[in-house]
């Protein structure tokens, strides 16, 4: 009762303070100085294209490799890459358009752009949760993993995720917006946004982040128990002490993942929660603008943490690049041959390279899959 009374009091005080704030147009939200515009513009112009190229490359490799398309793990990674592609496009264009070029859109146009950004980041965090749950099932339910998480169930979970995030993200456009528009504004950070919606979305993202942290904590606990049992069986002079323990390696990897995830998201979410109870100053608004670019940085780092660390995907990438190089060389040789003369050798080059690459890709990926599956089964024993 006391907590609820405290929040009601804080909200009433916040509303009383905001009632004295007037905002005739969107320029009251454009708080960046010229130096800050240059800094944020540099971050967006650098991180935006890099994020787009990295995630587009991951999507291309998964789409071009039949073996990867059948694996639920890579479907989740593909969903993450797709969400980060949207984030690089929607966030970079709308953020620069608003803060640097000072474009003042109407309520519907602004909420549509903001809905695209919200959808991209929500789907990105949701895909990270599905990836964490996939790894959790792989470790804790290794014997029945392939039965529990089939390709059909993975696709169904992705359909539910994207449907939910699209619906939630465009709720302001569908009517859940600030009833007073800009006189006075409801939120100090986003024009036309209802504060209750902002608090609900922020809480939703925080719940997803908490579930991700919990899933990785359980994975580390399972790995630690496995290593402890293996160490006791092998003895102090066993080979397990000749190299770094598996649970320590996992702790370092997951620690890096979670540090980047929390470090990129928590600052912006903290400002959004604070906006629900207090009136933010211009300095805090400018700090929020910088913190929001960290979410884009997280989308740029995701392919390096989740996709390119996978050996199978790296092998598929190298094979795809090698195949493209072979096709390019063969086409170049065909163009340089005598006009009107059919180059049988070049045609055979294309046919043989495609056939050989197909057999090589299937053989190598199957062997890697068997090794990975064998290791996963050993972990659970």
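Quick reminder: no glycine exception, Cβ is built from N, Cα and C everywhere.
Whatever TrEMBL says is automated annotation, not expert-curated.
The annotation domain 'G-protein coupled receptors family 1 profile' is assigned in TrEMBL to 54-306.
Sequence annotations record features per position, and here TrEMBL assigns transmembrane segment to 39-62 (among others).
The feature transmembrane segment is assigned by TrEMBL to 74-98 (among others). Distant neighbours of the transmembrane segment (74-98): 26, 29-30, 40-41, 44-45, 47-49, 51-52, 54-56, 58-59, 62-63, 68, 113-114, 116-117, 119-121, 123-124, 126-128, 130-131, 134, 151, 154-155, 158, 161-162, 292-293, 295-296, 299-300, 302-303, 306-307, 310, 312-313; these residues of the same chain sit at least 6 beyond its ends, with a Cβ under 8 Å from one of its Cβ atoms.
Per TrEMBL, the feature transmembrane segment maps to 110-133 (among others).
As annotated by TrEMBL, transmembrane segment applies to 154-174 (among others).
Marked as transmembrane segment by TrEMBL: 201-221 (among others). If one looks beyond the transmembrane segment (201-221) by at least 6 residues along the same chain, the residues whose Cβ comes under 8 Å of a Cβ in the stretch are 118, 121-122, 125-126, 128-129, 132-133, 135-136, 139-140, 168, 247, 250-251, 254, 257-258, 261-262, 265, 269, 272-273, 276.
Annotated transmembrane segment per TrEMBL: 253-274 (among others), in sequence order. For the transmembrane segment (253-274), same-chain residues at least 6 beyond its ends with a Cβ under 8 Å from one of its own Cβ atoms are 125, 128, 189, 198-199, 202, 205-206, 209, 212-213, 216, 219-220, 280, 284, 287-288, 291-292, 294-295, 297-298, 301, 305.
Within the chain carrying the transmembrane segment (286-308), a Cβ under 8 angstroms from the stretch's Cβ atoms is held by residues 31-33, 36, 39-40, 43-44, 47-48, 50-51, 54-55, 57-58, 77, 80-81, 83-84, 87-88, 91-92, 95, 99, 121, 124, 128, 131, 189, 256-257, 260-261, 263-265, 267-268, 271-272, 280, 314, 317, all 6 or more beyond its ends. Feature annotation from TrEMBL assigns transmembrane segment to 286-308 (among others).
If you average pLDDT over the domain 'G-protein coupled receptors family 1 profile' (54-306) in this model, you get 87.
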